[in-house]
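What TrEMBL records for 17, 19, 78, 81 is Zn(2+) binding site.
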C-alpha cells in the first residue's frame, strides 16, 4: 500500500457495468493499483458523434490512455444485464415517463435492436436473446471506442490492446471477442496473463 500511496501505474483500463455483481479485480485476478476502472449502466461508450452526452466517460478514457499510460482496454459486459434487458422495454411510454434519464441513456444501445432483427430465432427465447444482446452490446461499445481517433491510432500502432468480454456471473466464465472470427470464445488464462504484462 505504501507504493500505491506514492503513485498509480495501472496497466489496464476496465470499463464495466455498475452491477454490484461485477467486481473488476476479482474477475481479472488483479491487485489494487493494477486497474483503472470506469463504470456506468451498460458499460456504454458513446460514439464520437454523441460524446457530449456523456463527456465524463470519454474524458476518463482519454485520461487513462494519454496520462496514466494504460496498455490494455477491456469492455466487460455481463450476464443478466439490466441495461441490455431494458432495450426491449424502453419504448414503453410509462417507462419513459417514470425514468426519463435511464430512457435517455439506454438510447445508446438502440443500434442493437436492428442487429437483433437478424436473429429472429431468439426472439421468444429469453436466455438466448439476453446473451446475444449482451454480446452485441460489448461489440457495439468496441466499435464506439474505435470511432475516436486517439484510440484507433494507438490500436493501429500496437500501443493499445482492446478486448471485449462477456462475463457470466453464475459461473465466473469469461468469453472474449475475436476480431477475426467475430465470435466470443472462452477466455484462456494466457489472455489474463497478457493483460498483466
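One-based numbering along the chain as shown.
Backbone N, Cα and C atoms are what each Cβ position is placed from, and that goes for glycine too.
TrEMBL does not curate its annotations; it predicts them automatically.
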Determine the Cβ neighbour count for residue 81 (Zn(2+) binding site): the number of other Cβ atoms within 10 Å of its Cβ.
25
Per DSSP, residue 78 (Zn(2+) binding site) is which: helix, strand or coil?
strand
With DSSP assignments reduced to helix, strand and coil, which class does residue 17 (Zn(2+) binding site) get?
coil
Could you tally the C-beta atoms, other than its own, that fall within 10 angstroms of the C-beta of residue 78 (Zn(2+) binding site)?
22
Which residues, in sequence order, are found in the same chain with Cβ within 8 Å of the centroid defined by the Cβ atoms of 17, 19, 78, 81 at the Zn(2+) site, excluding those residues themselves?
16, 18, 21, 22, 42, 43, 77, 79, 80, 82, 83, 84, 134, 167, 169
